Each structure stands twice: as structure tokens, then as C-alpha cells.
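Heads up: the structure comes next, in C-alpha cells.
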Amino acid sequence: MANLTPMIKQYLEIKEEYKDSILLFRLGDFYETFFDDAQKVSEILQIVLTKRNGHPMAGIPYHALNNYLKKLLDSGCKVAICEQVEDPQTAKGIVDRKVTRVLTPGTIVDDNMIDDFNRFSTLITKSEKGYILAVFDFSTGEFYLDTFDFNENELLDFINSFGFVQILLSKNVESLYKQIKNMLPDLYVEVLDDWYFSNNFLEHLKDIYKVFSLDYVDYNNEELKVADAVLKYLELTQFSKIRHMKIPKRFKTREYMLLDSNTIENLGILPTSTTRGKTLYDILKFTRTSMGHRKLRDFIISPLLDKNIIEQRFDYVEALKEDHLLMEELKEYFSHIKDLERISSRISLRKATPRDLIALKDSLEIVPYIIESVKTNLGISSFFDKIDPLGEVKEIIEKTICEEPSIEVGSGEVIKEGVSNELDEYRNILKNIDNILEEIEKREKELTKINSLKVSRNKVYGFYIEIPKTQIAKVPAYYTRKQTLVNTERFTIEELRQIEQKLSLAEDRIKAIEKELFDKIILELEKYVTEIKQLSDRLAELDVFRSFAEASVKYNYIRPKMIEKSRNTKIINGRHPVVERFVSNFIPNDLIFDEDRFYIILTGPNMSGKSTYVRQIGIISIMAQIGCFVPAEVAELPVYDGIFTRIGARDDIVTGKSTFLVEMLEMSTIINRATEHSLVLLDEVGRGTSTLDGISVAWAISEYLFQVKKCNTIFATHYTELTYMSYIYNEVIAKRIKVKETMEGVIFLHKIEDGTSDNSYGIEIAKLAGFPVEIVDRAREVLEQLSDRVDLENKLKKVKNIKKKSYKVQENQLKMF
Ligand code: ADP
């Protein structure tokens, strides 16, 4: 370090403590990076890499920090921001610098860096009972904690499906680091040292949650340690105490159905980069508030298991649906409600801006209107009972913060007039200095009877009273001489001196007083954070129910009838809520399951609508269980404890698993997890292997599912052989999709009827796809020569002769997962 400049030495000392972060080192108007950091930053941000004394260096202008930060975080970096903590003008030698913030993708709360969606992170560790996962959104304060009996594949699957922005691992699961990075290369993953899980966790938790005991929460110490590690981590990145995180809740409580990533993806219920605009979420998204958008997403992936709560939601939706006026009123009110959930988080982190407070106040002004209008409708009138509309919060802000405050404290007016005499006085001085001087001039003229007396100022001498030499005799004794010119003398008086002093102090004082008052207001508002979150949560729910009601009116959805602990299902003229929006003439279809017949084998050519039908049944069930009305004429539906899907063929390129292996792994999960109250949706299982293998596996899976698991199932396939199960087993119903053959080719009617499809129409599809006639004709010729009627009949005979299998079902196999 001998030939290093003192500044680089300072840099290296600080960097030593933040080895895992990119250190942004404030130097005047820039944040500079050096050495390896500079290399990395210049690559990610595409900025110039320069050299100084031979060290690589790259800098970003301080005013553009947020843009660059976002890019760094998005590419999976941890960033430490090191500021100058003393005034360079008064500093002796090198300015003192300190890291004031550490940012990771999961710990940002600034509004301009994040969108409406939840930003969930997770901390994973392993105990004897399984993986402990803490899942939290720092920007909203949501916090879940639970132990899962996942195997490693299931855990990775869960991580893959959840869309985390950040993953923290304890040392004992460090080996997951590589696998997660392989799967999701841009995701931020960090391994935490053991001391995060230290023994003082109870004391620390009690301090954070301000409770005397944690006996009432239903967690064991291993789990509480993990919750505590999360809070410690957050405190370290924020350099402050964390108060806005909620007390964790069990994740897999039996309140919700656990949807796995395949089902979420296969059914197209949430947008991904390729399905944006064409998912259930998009169709139902009439929500108006940021909290509402997030809540809708939460609802969609957490279908309810309790019939009463589902019915309660239906009641709300129904009440809204039938009250056009209320719907319109709420729509308008909601468009003025800002992101209260995140604002409240920023308040408790002391990171709220003046405009956050105005946004909070403006929203709270609307809240009483929302509450009042809801009260006019009996079906939903008690919706806000026990919720505080937070009039006091509104008042605190109204009284103290300017209507249009500057973006940050210190760069313009934030505190209202009348809050602090001292502040008003200083501001007055700044604003009215010319008037004040005029007043003094007027008064002094009168007092001294010197008409030519003038009060002015200049840069060098400051304020003065100028008097022509001819009038010198009239100058009073309390005037002090300041300067003598050819024809005039300049004086000053105590009052002018004081104004001068105040003026030079005024700007600094204004900043200081504003900051002090603003901090005090934030501290005052911090007391209401829990209530703000409760209110925000309730508003978000109402926004979602209103959204469901609007979708129901617009798209003609009906209230389903829910049946518990039953396989009976009746859907008359059901529709796929997304496909029906994108095709001109959607054909509705029915579904009937009863206690004895609940396993449908659906056959039909490619492109006839099998997948659409299978998905439609899954989506309708999810819609019902989140409290939304459904696209059908009649819907009587079981409350499912789980919906499992195996749809479509895909290779898992990352882990190098073949289509068939992926398929079988997914099937095995379904077979293990499904219960007699689950819905299983299968589309083309067994496709990734030879026909005979495929049929045999699909056959065996089916027998197991309807005999042992006894779950409602739709199995779409083009193996017509499978439909023969309907002859052998009473549980199995054979359905097919109607096809009309015409002179011009086949027409898919998309209508489902009883029976078996006997032709897969592959050649017809090739024709529809616009193949040259020669190819289509040649394919027919080849098919003709390959088709061997005797062979086909033999095969059918064999299928019909497959011996019936009866599984002995043991009681414990039927237990819920
Ligand atoms: P398959 O699974 O049999 O190959 P899909 O379900 O993918 O067929 O359907 C193919 C296309 O047919 C869909 O993209 C959709 O445009 C149309 N389709 C499917 N079902 C219907 C329906 N019930 N009414 C109208 N069009 C439909």
C-alpha cells in the first residue's frame, strides 16, 4: 500500500468490510468504483472504464444513481453506498466517508426502483424436520415462515415457481447455491454466516415486535431463529431498526391450496414474459390500486379451502355486482388511492419522502367516501368494521406538510407555514428581504427626516444605509459608519446587522429545521404503521372484489355453488375465461362428475380443443375457490384441496432431463400428493416414450389414480386405447371432441360428447397448416400402406383383454397430504 494515495487507502479500508458488495464511493459529484468493481460495473452498466494511477476506475454521476442502481441489482449484485459524511470544505485532509446503505434486490423500497408487484425473498435453512423457509417482502412487510418436508427437487421447483427476487441460504444448505444459480442465473443468492442464527434470537425478536413473550406464536425455536436471521439481515442492510415487518404466518396453513409451479404455469393463471396479457390474472385485473394488483395475484395463487370464506367472498362480489352505482363510485375512488402498503413500510424505515406523505394524505381523504359508499349496500356494509380510517394521520400531514412539497427534504419547501415560528421567520426573511429593506428605509426616513436616505446592499459590504454627505448632521447616534464614498457615507444599524446575519444563516437553518420537523412527523406517523397496513389490506381486498364483480358483469360469470367433501361436479356450458376473449366463437362445454364416475378419458385430434377444455376445468375451479364468479351457465363445484396438472411436453434443458423423465417426475409428485378431494388434470401423459410404453404407463397411472386416490381427473390423450378402460371400469367415462368431416377436410367443432375418437387427423392438420398438396397426398399414400387393419383389430382385442386390476386401498393412503 506504500504508493497509494490516502484516498485509495481509505477506499481499500472500507472495501475490506464490504467484500461481497460493489462499493460505490462518493467523490464529489460522482460515485466511483475501483479495481475489480470498476471492471464489473463498466460491463454491467456499459460505462467507460478509465485508469487513474494505474488503477481501473469507473464512475456514475450522483444524480443518476437510481437508474444505475436498478441495473446493478437486476443483474444480481449487492451494492454498498459510501457517502462523504463531513463537509469537504471544513474537513481537514481526506473527507470522512462511511457506508450508509447496502442494497440487494430484496431490500429496496424506493418507489422509482420497483413496480407494483410483490418482491418476495426467501431465507432457506435445514433442520431435522425439513427445510425451514422464511418468505418475506421487505417492501410491504409481508412475512411467512414454515417448515416443509420437501425433497431437494421439490424445493428447487418451489423456488423456480415463486419468482423470488433474492435468496438467502444458511451455511448448511450452501450446496443449493450452485443449483439455484444454474436454474436462475440472474437471481441474487447469498450465503449467510452462522452468527445470523445466534442464540439471542428471542430477545431480539421481542425487541423488534415489542412484545413481552413469543409464547403465543405457533413456532418452534428453530423456526424463530430463522425469522430472527431475516430481521438481522434486514437491519444490517438498512442501518436501522426494522419495525414494519409483520409477525410471520405459517405458509402452508390449510387455509390455502398449495398450487405448484407446473400448475400455475400450465393453467396460465399468472403472467410470465411469454404469456403477459393472456392469463387469468390479466382477464380479472380490473383492480385500480397497486395494493389491489398485488392482492389479486396473491388471491390467484392461494385458492381457499374453507367453504364459508369462499361464500363470504361470493357474497361481497354479488353485492357489488348488483350495485352498478357503487361499482362506479368505488372505481373512481380507487383510482385516487396510492400504494399505502409501501408508503407505510417506508415510513417505518424512515425512508418516506414528503410526496409519500402527501400521497398518504390524499388517499386518506378518499377513504371515508369509500367507507360511506360501502355502507349503503347491506351485502357489504360491514366490510370496514373495526378498520380505522386514520383521520388523525390525515390531519397530522395536512397540518404540517405543504400541498406540493419538494421531492426531498432540503431541496425546497416541505413544511407548511405556521408549524414553526422560527422556520417562518427565516423563510420570511428570505422571501421578503426587499420589502423589509424598504420598510426600514421608510421608517428611517421618517425618523431622521432625511429624504434622500437609501437602504441597499451589495455583495462585498452587505446591507447599509446610504446618506448624502450634505445631510450628515442629521444622522442619529445609533448609526455606525461603514464606508465613506465621494458624496455619500454608508452606515449600518444593529437591526440591519441582525438581518444580515439571519439571512446568511437562514438557508442552512431552513434546511435543518425542515429536516428536524420532518423527522419528527415521520416518528409520529410511525405509530400508525400497523393501522395503515390493516387499512391498506382491506382496501386491496375490496379493490379485488370490485374487480371480480366487474369481470362478472362484463364477461357474464355466475356464482358457483360449492360442495364440500364430494366429487360431484356439474358445469353446464363452461368456458375458458382467457381463450373465450381471444377467439370469435367460443364453444362452451359441460362437465359432470359424480361419486362413482369421476375419471374422464378425453380423446380428440390435435387442435380440437382438448387442452383448452382441460385447462378450463382447472381455471374454473381456481376462480371459484378464490371467490370469483365463473364462466358457465351452471356451476356446482367441489372445494378441492389441491389441483395438480401434467400438461404438455417439455425438456428440462437446464438439468438435462428428458421429456419423459420430467413427465414421470411430475406424475410421481401428483401420485404422491393427490387425495380424494383433489383435481388432477393430465394432458398427453406418456408421450415422450414409445407408443406401447406410453399407453402402458398411462394405463397403470390411471388405475392407481381412480382406485387408490379416487380423485376427479380429466386425462386428455390421443391414445384411443385408453378409452377402453371405460368398458372395464365403472369410474371411467370416455369423452371425445366432435369433428365434422366434409369434402373440404375436417372441421373441429370443439364440442365434447360421449365416445372415443378413432382418428388423429394428423394429415388434416398438416393440410390446415398450409403444406403443399403434394406432401399431404403423399402422406395419405404412406398412411394407407402402413395401416394394417388386421394388426389394428388385434391390438384392440388385446386391449380389451387386459386383466382388471384391483388395488387394495388402505385407510392411511386416503389421508390428506
Ligand atoms: P388440442 O389440445 O386438442 O391440441 P387446443 O385446446 O390447444 O387443442 O385448441 C386449439 C385451438 O382451438 C385453440 O387455440 C383455440 O383457438 C381453439 N379452441 C379450443 N377450444 C375451443 C372452443 N371451445 N371454442 C372455440 N375455439 C376453441
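Cβ from N, Cα, C; glycine included.
Looking at the stretches 82-112, 237-267, 423-453, 547-577, the one that TrEMBL records under the feature coiled coil is 423-453. In the three-state DSSP scheme, M607 (ATP binding site) is classed as coil. Close to the recorded ATP site, the chain also has A716, I737, F748: residues not among G604, P605, N606, M607, S608, G609, K610, S611 whose Cβ is within 8 Å of the site's Cβ mean position. Close to ligand 1, meaning a Cβ under 6 Å from one of its atoms, are these of the binding-site residues P605, N606, S608, G609: N606, S608, G609. It is P605, among the binding-site residues G604, P605, G609, whose Cβ has the fewest other Cβ atoms within 10 Å in the structure shown.
Within the model, the coiled coil (423-453) carries an average pLDDT of 90. Long-range Cβ contacts of S611 (ATP binding site) within its own chain (separation 6+, distance under 8 Å): I647, G648, D683, A716.
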